[in-house]
Amino acid sequence: MAKLTSKTDTASQTEDFTGTGGETRQVAGGDRPTMTTAQGIPVSDDQNTLRQGARGPALMEDFHFREKMFHFDHERIPERVVHARGYGAHGFFETYEPLTDLTSADIFQRKGERTPAFVRFSTVAGNKGSADLARDVRGFAVKLYTQEGNWDIVGNNIPVFFIQDAMKFPDLIHAAKEEPDRAFPQAQTAHDNFWDFASLSPESVHMLMWAMSDRAIPRSFRFMEGFGVHTFRMVNAEGKSHFVKFHWKPKQGLQSVTWDEAVKINGADPDFHRRDMWNAIQSGDYPEWELGLQVFDEDFADSFDFDILDATKLIPEELVPVQIVGRLVLNRMVDNFFAETEQVAFHTANVPPGVDFTDDPLLQGRNFSYLDTQLKRLGSPNFTHLPINAPKCPFHSFQQDGHMAMHNPKGRANYEPNSWSGEAAGPRENPAKGFTSYPEEVSAPKVRERSETFADHYSQARQFYISQTETEQTHIRDAFAFELSKVETPAIRSRVLSHLQHVDMDLATSLADALGMELPDKADAAREPLTGLEPSPALSILKNGPKSFAGRILGILVSDGVDAAEVDALKKAAEKAGAKVVVVAPRIGGAKAKDGSIIPAQEKTDGGPSVLFDAVAVLTSSEGAETLAQMHAAKTWVADAFAHKKFLWANAPAMPLLQAAGLPKDPDAGMFLDGTSGDGASGPDAFLRACAALRFWDRS
Ligand code: HDE
């Protein structure tokens, strides 16, 4: 490397240089532009502050240093008070058929039309740097840049919420986040404050069932549903209104991990969900959801057992089927995380003409909160000027000035009415085309009161529970036991048990047993729960899994001496099934196959534990298996995959490793040993077909 000894104009140089202090300097030239200050002044030296003499004091006039440090000092903006950790991607929404009978919303007027979209997924409780696999609700916020303005469906992956009135939101969030005196636990509800608040708020019981289910530990954003939660309205051109619930259904099918995996994934790859989204989109495997509507009218609302304005209730799909109306495809990652994912600002009140609100007291509160929070977070009412937030249709108003105003009105008029003409006159309201609120009639005294119709807190919690498979019910029980084991105050645990007896006596009894506690008296119910609600299969994850192994990952643990053809055959079969393969080897340089070739590895045994994969294979030589059998990381790799009930393929030489890991000699139907499973299925294709079930839950 040439030594750069003098401060010359480096614009024409194209190589890396070593500066006088030994530092590497990359200088402009070729396709590298000249660095400038924010004012556009070319920078000659980005390595050294200006000082008096090589060992002397720094000089105030070093405008480049001062500007650089000033900007850095102000890089952070306040993180979101909830949903701080999130990950976004661009895509489009495609309308399947016009929905003119239902809504005048422009996005639903033309078959096949594509509308640009941006989606941000998030966890709720943790800070920006928390781990992806926290047991938590996931945010599913969609911005649709329609031709009549931005429409935000700011939803979650769970169709109900903890509370009924926005008044309680600050309390809920305070209780769920880290405790204020000790600042822990981070991104976890497993602590006294949360369960204290929740158990004192019986309206949260339904949502608690969801939060303790595997819905709260999704395998990835790609494999979860989204829900608008509240009842909204759709209004057609004649002004007729219908009630609507929004659903996003993943074409990939639903999938979650187990709690033991979640805990381990958080250590092995705290970015598991964002990495998954990045990898899928970058490799062209674009995730897709279909938009579904549950449409109903006042008559249904009046006949329904619950209040459609109560966000702690859902409408079973078996009662009001979900009508599929379009698809959402995510096909492009952001160019810059901060500019797009961090600065995107959603707001429940962003609805286009043809969509409207209901009086759900949670929704009404949200319609106040989001605009307010954006001002705090983004620092200026002009956050709508940021490209990620700006509409993609023409927009005109007389809003002006303020911090960072980037769209500045031209011409004389900045008010209306005005008597100017032509362009100078500016925009005018348009009664025919503009947003008109549905003229709902409301007449009632002003009160602070919760409607009687919101009082049944247990029936749907029970319905959710009885809709789950046995495996899922066990996971729910175990999740309650785990969370409550972290609660230090026995009276709080006991209060939870008092509510759960209204949900299911067996659940309450077995949980009391798991906690080593006596069952307390049943809680007094504000309203006696209904008996006889039918199970709703749509509420189970396992009943709504994928149809194939596509989009999933097969992890193959290999050793030196392995047969390269064997690895290749399994890899090809997996890729044919639409899955991806990750090869794990004791060394990151890969494994040396029997024929001397190198099988490249993407992970090293302890860096790529089996919890990161959907199904696993172990392909070794006899010698390699003996070596792996001595390695703790290799043994847990296999033992965990087995314990997590994953489908497992192993060649004959791998048996010593499997045995060292404590696996049974006789394969069950989820284990393909030497190519054949316990129920006689054989060959890589049969293995991958079996993998579509994702887990062999019958494994004892
Ligand atoms: Fe939010 N919520 N929320 N929320 N919410 C925010 O807005 C709020 C609720 C949801 O990726 C905040 O921009 C209140 C339900 C998502 O940027 C804030 C209430 C549902 C996101 C806020 C609720 C959600 C937020 C914080 C009770 C599911 C992330 C930062 C009345 C239907 C959006 C921000 C993103 C974010 C308020 C309840 C979903 C403070 C007051 C119910 C997905 O405005």
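Note: Cβ is positioned from N, Cα and C throughout, glycine not excepted.
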Identity of the heme-site residue among ARG114, ARG377 (reference: ARG80, ARG120, PHE169, ARG366, TYR370, source: TrEMBL): ARG377
DSSP three-state assignment for ARG80 (heme binding site): coil
Among ARG80, ARG120, ARG366, ARG377, the one of these binding-site residues whose Cβ has the fewest neighbouring Cβ atoms within 10 Å: ARG377
Chain-internal residues, separated by at least six, CB under 8 A from PHE169 (heme binding site): ILE163, LEU362, GLY365, SER369
Residues in the compositional bias 'Polar residues' (34-51) grouped by DSSP into helix, strand and remaining coil: 0 helix, 3 strand, 15 coil
DSSP helix/strand/coil residue counts for the region 'Disordered' (417-446): 4 helix, 0 strand, 26 coil
